[in-house]
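> Below you will find the structure I want to go over with you.
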Amino acid sequence: MVIDKSIPKATAKRLSLYYRIFKRFYADQVEKASSKQIADAMGIDSATVRRDFSYFGELGRRGFGYDVTKLMNFFADLLNDHSTTHVILVGCGNIGRALLHYRFHDRNKMQIVMGFDTDDNPMVGTKTPDDIPIYGISTIKEHLDNSGIETAILTVPSIYAQEVADQLIEAGIRGILSFAPLHLQVPKGVIVQSVDLTSELQTLLYFMNQNHLD
């Protein structure tokens, strides 16, 4: 199957949602799903579904729908969800602690295996109820050496985000999910996905206000 390398970011952001939908269809014993069924489950239009899928070659036949098992496995491969991905978390504040307690592995094959914070944080040297060890940030390279871990969640205050990101990259991290509301400068080959909760909330309020005006 030929995959178009120039997939738009909007399409890429929907990949995990498609995967989730096909897993739900599979659990409900749905064998075939039309683009309309997929679109309705996603809250988008069927033309968007067909356009998204066109970037991945022939995923289904017009008039026959999409094979649920085939597409579920396709997106699992695409998202590397057949094997567990180990992730570290840096920043054990309120957001960090919430994420440490979130059971990613119950829903997808992702698992936080280590947490890091400033060396003087009382959590350093302890473990979470799920047995995740918390280490001092000064030992991050030591703990990542030969670990094979390339993904990190960054939940430190904004003023430290770039400095910590630099440390992560030096330690071998290639992908960062950042909760800091600023643009991180990273070298080519390192991917940053940003989550700005304030911006998302402001966007929600904007649309609520526009809906009220209508």
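Cβ coordinates come from backbone N, Cα and C, glycine included.
Features from Swiss-Prot:
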- 17-56: DNA-binding region (DNA_BIND)
- Gly91, Cys92, Gly93, Asn94, Ile95, Gly96: NAD(+) binding site (BINDING)
> Look at each of the binding-site residues, Gly91, Gly96, and point out the one with the fewest other Cβ atoms around it within 10 Å.
Gly96
> Quick check: which same-chain residues outside Gly91, Cys92, Gly93, Asn94, Ile95, Gly96 lie with their CB within 8 A of the centre of the NAD(+) site CB atoms?
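Here the nearby residues are Arg97, Ala98, Leu99, Asp117, Thr155, Val156.
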> Please list the DSSP helix, strand and coil residue counts for the DNA-binding region (17-56).
28 helix, 2 strand, 10 coil
> Across the DNA-binding region (17-56), what does the pLDDT come to on average, as a whole number?
93
> Here the binding-site residues are Cys92, Ile95; which one has the lowest number of other Cβ atoms no more than 10 Å from its Cβ?
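If we count Cβ atoms within 10 Å for the binding-site residues Cys92, Ile95, the smallest count is at Ile95.
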> Hey, what's the Cβ neighbour count for Gly93 (NAD(+) binding site) at 10 Å?
13
> Can you count the other CB atoms that lie within 10 A of the CB of Asn94 (NAD(+) binding site)?
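Result for Asn94 (NAD(+) binding site): 9 neighbouring Cβ atoms inside 10 Å.
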